Amino acid sequence: MNQSLGPSEPEKPQDNTAEDSTEPTPDNHRADLSELRGIPKKQTGIEGFEDISHGGLPLGRTTLVSGTSGTGKTLFAMQFLYNGIVKYQEPGIFVTFEETPADIIRNASSFGWDLQALIDRGQLFILDASPDPEGYEVSGNFDLSALIERIQYAIRKYKAKRVSIDSVTAIFQQYDPAGVVRRELFRLTARLKQANVTTVMTTERTDEYGPIARYGVEEFVSDNVVILRNILEGEKRRRTIEILKLRGTTHMKGEYPFTITNDGINIFPLGAMQLTQRSSNVRVSSGIEKLDEMCGGGFFKDSIILATGATGTGKTSLVSKFLERGCLDGERCILFAYEESRAQLSRNASSWGIDLEEFERQGLLKIICAYPESAGLEDHLQKIKTEMMAFKPSRMAIDSLSALARGVSQNAFRQFVIGVTGLAKQEEITGFFTNTTDQFMGSHSITESHISTITDTIILLQYVEIRGEMARALNVFKMRGSWHDKGIREYLISNAGIQIRDSFRGYERIISGSPTRINVDEKNELSRIVQNVQALEEEGL
């Protein structure tokens with residue numbers, strides 16, 4: 001074994017205490033059932049993990065973090081230690097069976113973590129158990145007694161509260177049989193539990209959804225199991241984390257997306273989002289007077305609006321008017337564009353009389369442009385979250401969601417939309433999204449991924465053929481918590497943007513794409529309109 005890295009190498013103790021000489025057994029390793037209730041937890045400091053684990057890792061127990069190569073196991077183990085030192089003032093021990101201490105320090109620096117400074121201050125100790133590059137042979141019975149004693153001594157010397165071991169797979173690769181290694185790992189976890197340290201132990205698996213660990217025994221010596229995955233969906237990889245078990249305590253079930261940023265692991269606990277945000281009765285303008293009238297006075301301040309329609313129906317024009325109105329009212333606005341460049345957006349907006357560049361110069365508008373294929377959905381979500389938290393807008397827009405849906409599963413896309421809408425509602429931001437439908441004319445699904453239930457207001461834009469000419473139709477299809485115009489209005493796109501006209505009179509089946517002319521009794525129609533107006537006046541609308 002190589003030398004350990006720290007202020008000074010802990011010497012192997014010359015005598016063992018009675019406690020150390022007592023061999024652990026499965027009976028005294030298992031806690032009494034009464035002790036399993038209300039187990040205290042230690043926070044990891046990893047963003048989102050406390051949400052899905054209901055508070056962190058069980059105090060004084062061992063957690064197995066399993067995953068295929070490149071899933072972030074070593075990062076999880078090191079971030080657990082680093083956050084413990086920096087955020088909670090808890091010294092830690094990192095036991096490495098694979099990488100050298102120098103490599104670990106160098107890799108951590110890419111996240112801005114100065115491990116050498118922590119080592120110099122005696123807050124972190126790296127115990128090097130990596131194989132000797134010269135190679136060696138082991139004869140006789142294998143046991144981890146020497147390593148266990150070194151770890152115990154380091155825990156006492158540095159008053160460590162956290163231990164990370166990376167990775168136990170290396171032990172199986174060096175020694176056999178597996179049953180003997182399992183026995184020694186059981187001894188190790190028992191000693192760590194006696195020392196009352198919270199431990200993260202990593203192991204490798206061969207398949208994303210196969211056995212938990214490569215050798216099939218590692219999970220039985222730990223109290224808790226966390227699985228990291230890096231799944232190939234289409235042409236993109238998607239990272240997820242799943243807590244398989246936290247013995248004796250509760251946690252959230254299922255997989256949750258995460259990404260690796262410059263700050264380390266960032267988990268999106270979508271299932272942990274609470275519907276506790278306040279609901280505002282304040283209205284904000286869409287930037288189009290007629291559309292505000294159709295929506296009963298405008299959109300609700302904290303609502304999510306979805307404009308859906310075929311290409312060329314004016315969705316980006318609606319977004320531009322929405323953002324212009326916010327900037328004119330002195331509100332900060334942010335646009336995430338995934339189909340057009342900044343120059344193209346500015347040029348198109350100027351044709352409608354909107355100067356986006358001037359709003360940017362005033363600091364009222366920020367435009368983020370990116371190709372959907374440039375990153376995975378989790379990375380896009382993290383980018384949106386980072387930009388919104390830094391810029392703190394009152395309005396945000398995404399143009400378009402359908403571009404982000406290319407090449408990903410419906411479940412991943414839906415989770416992305418939930419993440420964005422949840423963030424917008426949490427920050428009381430008015431969100432405006434666009435969605436491009438595949439069908440050029442006629443009835444169609446509003447959204448293929450069934451995200452319509454997540455949004456508060458849906459504006460349906462559609463092409464219709466009337467008397468041999470192409471026209472455009474607009475309908476406020478849905479608006480939660482408010483009266484809205486049910487009519488199907490004709491609209492034009494001119495130099496002033498979208499201009500909404502009256503309803504299509506004398507036609508039915510507009511939405512189906514097969515408009516049919518009907519005879520209208522003008523006298524009865526006028527009487528009906530007067531009655532509707534009187535009814536609205538009586539209701540105070």
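Residue numbering: from 1, along the chain as shown.
For all residues, glycine too, the Cβ spot is worked out from N, Cα and C.
Annotated domain 'KaiC 1' per Swiss-Prot: 21-268, in sequence order.
According to DSSP, G72 (ATP 1 binding site) sits in a coil region rather than a helix or strand. The ATP 1 binding site annotation in Swiss-Prot covers G70, T71, G72, K73, T74, L75, S110, K245, L246, R247, T249, H251, T261, and the record cites sequence analysis as its basis.
Annotation comment: Swiss-Prot describes T74 as Mg(2+) 1 binding site, evidence class sequence analysis. For T74 (ATP 1 binding site), the number of other Cβ atoms no farther than 10 Å from its own Cβ, over all displayed protein chains, is 21.
According to Swiss-Prot, the feature domain 'KaiC 2' maps to 282-541.
Summarising the annotation, Swiss-Prot assigns ATP 2 binding site to T311, G312, T313, G314, K315, T316, W352, R472, K478, M479, R480, S482, H484, K486 and lists sequence analysis as the type of evidence. Taking a C-beta cut-off of under 8 Å and a sequence gap of six or more, T316 (Mg(2+) 2 binding site) has these contacts in its own chain: E340, L345, N348, D399, T434.
The annotation Mg(2+) 2 binding site is assigned in Swiss-Prot to T316, E339 on the grounds of sequence analysis.
Taken from Swiss-Prot, the feature phosphoserine applies to S452. In the three-state DSSP assignment, the secondary structure recorded for S452 (phosphoserine) is helix. Over all protein chains present, the Cβ of S452 (phosphoserine) has 15 other Cβ atoms lying within 10 Å.
Here the candidates are the recorded positions T311, T313, K315, S452, H484, and by Cα distance the one nearest G70 (ATP 1 binding site) turns out to be S452. Of T74, L246, T249, T261, E339, all annotated as binding-site residues, the residue with the shortest Cα distance to R480 (ATP 2 binding site) is E339.
According to DSSP, S110 (ATP 1 binding site) is assigned to coil rather than to any helix or strand.
When the recorded positions T313, K315, W352, S452 are compared by Cα distance to G72 (ATP 1 binding site), the shortest distance belongs to S452. Using Cα positions, the member of the recorded positions S110, T261, S452 nearest to T311 (ATP 2 binding site) is identified as S452. For S110 (ATP 1 binding site), the nearest of the recorded positions T313, S452, H484 in terms of C-alpha separation is S452.
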